[in-house]
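Scroll down for the structure; my scribbles are underneath it.
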Amino acid sequence: MKRDNACYITQDDHHQTLLTVEELMNLSCDLKLKQRHRKAEVLTEILENLNLNHRRNVTAEKLSGGERKRLSIALELVDNPNIFFLDEPTSGLDEVTAAQCIRLLRGMSREGRTIVCTIHQPSATIYNCFDSIYVLAKGHCVYQGSPRATIPFLRLAQLDCPRHYSPSDYIIELVDAEDGHLVPALSELTDNGKLIYVASQADIVNPQLESQQAVTTLFVEQPKRPLLPTIFAGSAASTDGTLMSGASALLEQVKAFSERMHNGRHEISGVRQFVVLMRVMMLRILRARLALTIQLFHHLLCGLFFGMIFFQLGNQGARMFDHLKFCIGAVLMIVYTQVMVPILSYPAEVKVVKKETFNRWYTLTPYYMALTISRLPLQVLLNIAFMMVTYWMSGLPEQIWRFGIFVAVGLMISLVAEGMGLAIGATFSITNGSVVGPMMIAPLMGLAVYGFDFAPQITGAMNLLMKFSYVRVGVVAMILAVFGFQREDLDCDDIYCHFSDPRVLLKFLDVEKVSLLHQFGILAMLMLFFRILMYISLRKRCYA
């Protein structure tokens, strides 16, 4: 396998939900390997090396903490990167599992890879697994070098590590002291990270080495070596007992790495990425049976309640205000449902997308297109379920074409509302989104019900403002779908029904000259606005 660039593994192991280990590995292979004829072989080899082969049919959320961490590593090993960055790989793991994880990483480094980890309070066993240590305190480097050289280095600073102490625990206690007076002194000894301290053979044989002897033995000026493995893995410095200045080499390597990361090469075409992601998203939707059942039950139940409340009132000429309540209520139900679901569910997926796009699994555009299209079938199904029950129970005209327009209006409102929910979910956390969502819906709802009893007196400026409320536009479109298109007179059981003629109702609401296509156009523009806003927010989250 060809190695390319680097990968970053976050502290929290975020994976695609409802997919097994094998399916996640297949996803990684499909998105990373241009030549997929060896996919099965590569997949099995990686899972066996990381002791996950027996768990290949288990979903990621059912794995233990250590297994999830190994899965994160396995997914990135598919294209065999030569540099691994890991953020606290042992956090949340017990001592045994943490030691197994670090030994796994050490084994990977022995195969020629560079492994860079951040870690807090490692045990003595874990501490000694590393080739090179870089200790930070208050923004300063207080030690850099091999683990074996820690005690001689502290002795150089007139600090003796007690025998029963782990060097890692001792140096952390020293730099975390309240006065913090040791930080500048230790930082000065390392020249704030520019000097690497390496144990000599004398330190191994005679741990009670004098500090002056340690200075003359361990610190020898050598030419700069512009090799990243020398700096991080200690491959050269740990053998000859030298002090080297690595700042320039590190700077150049970081610049080159940053350039590669931002320029990012994708051998897999955007079309192929779209097909793979589309297949995975549809699979996840179909497997979320509980969520599907709850949503379908919710829409059918709401449709049943609406049908019972407005049962056979759709053709009553004396119930004009009930007709308005029906149109407004149906729109609000669609809006609130479709806004809140993405707000509560999408922020968790953003974390997965951020990790996968950062590690160059795919670009954002194919993902965005796959996400948008994969959600359409479910949107259509749920809205038809709700509106079909509502329409026929309420006694509206038994005209298939009018029912089709009714459903089309509901679906268009649903797509706009979902776009708004996705935009909020891509921008905010679940907690903040739960506040922002209702806060944004409230004024839109206010504009939706404003002025129906004095519609002709509404000013032009207010009419323009109401065009920005897709809820208001949706209500108007719903009224046109129900009472427009030359609908026949409604029944009248009283002596006189002023609104038995639908044209009178439309004139009273000042919408008799409004085109349904015009309302669809406004909804389409608002849908595009929210979808573009969602894409921009997602791009900022993933590439910032």
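Even glycines carry a Cβ here, placed using N, Cα and C.
Residues annotated as domain 'ABC transporter' in TrEMBL: 3-91.
Summarising the annotation, TrEMBL assigns domain 'ABC-2 type transporter transmembrane' to 272-479.
Under the heading transmembrane segment, TrEMBL lists 296-314 (among others). Same-chain residues lying 6+ beyond the ends of the transmembrane segment (296-314) with a Cβ under 8 Å from its Cβ atoms: 322-323, 325-326, 329-330, 333, 337, 381-383, 385-390, 392-397, 482.
Feature annotation from TrEMBL assigns transmembrane segment to 326-347 (among others).
Beyond the ends of the transmembrane segment (367-391), by six or more residues, the same chain brings 273-274, 277-278, 281-282, 285, 292, 295-296, 299-300, 302-304, 306-307, 310, 330, 333-334, 338, 353, 357, 403, 406-407, 410-411, 414-415, 418, 531, 535, 538 to within a C-beta distance below 8 angstroms of the stretch. As annotated by TrEMBL, transmembrane segment applies to 367-391 (among others).
Look at TrEMBL and you will find 403-428 (among others) tagged as transmembrane segment. Sequence-distant contacts of the transmembrane segment (403-428) (same chain, six or more residues past either end, CB-CB distance under 8 Å): 330-331, 334-347, 350, 375, 379-380, 383-384, 386-388, 391, 396, 436-437, 440, 470-471, 474, 477-478, 481-482, 485, 516, 520, 523-524, 526-527, 529-531, 533-534, 537-538, 541.
Among the features that TrEMBL reports, transmembrane segment is placed at 434-452 (among others). Remote same-chain partners of the transmembrane segment (434-452), defined as residues 6 or more beyond its termini with a Cβ less than 8 Å from a stretch Cβ, comprise 324, 328, 331-332, 335-336, 339-340, 343-344, 420-421, 424, 428, 458, 462, 465-466, 468-472, 474-475, 509.
For 464-485 (among others), the entry in TrEMBL reads transmembrane segment.
The transmembrane segment feature in TrEMBL is assigned to 516-538 (among others). Sequence-distant contacts of the transmembrane segment (516-538), counting only residues of its own chain at least 6 positions beyond either end whose CB sits under 8 Å from a CB of the stretch, comprise 350, 353, 364, 368, 372, 405, 408-409, 412-413, 415-416, 419-420, 422-423, 426-427, 467-468, 470, 473-474, 476-477, 480-481, 484.
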DSSP residue counts for the domain 'ABC transporter' (3-91), split into helix, strand and coil:
42 helix, 11 strand, 36 coil
Within the predicted model, mean pLDDT of the domain 'ABC transporter' (3-91)
90
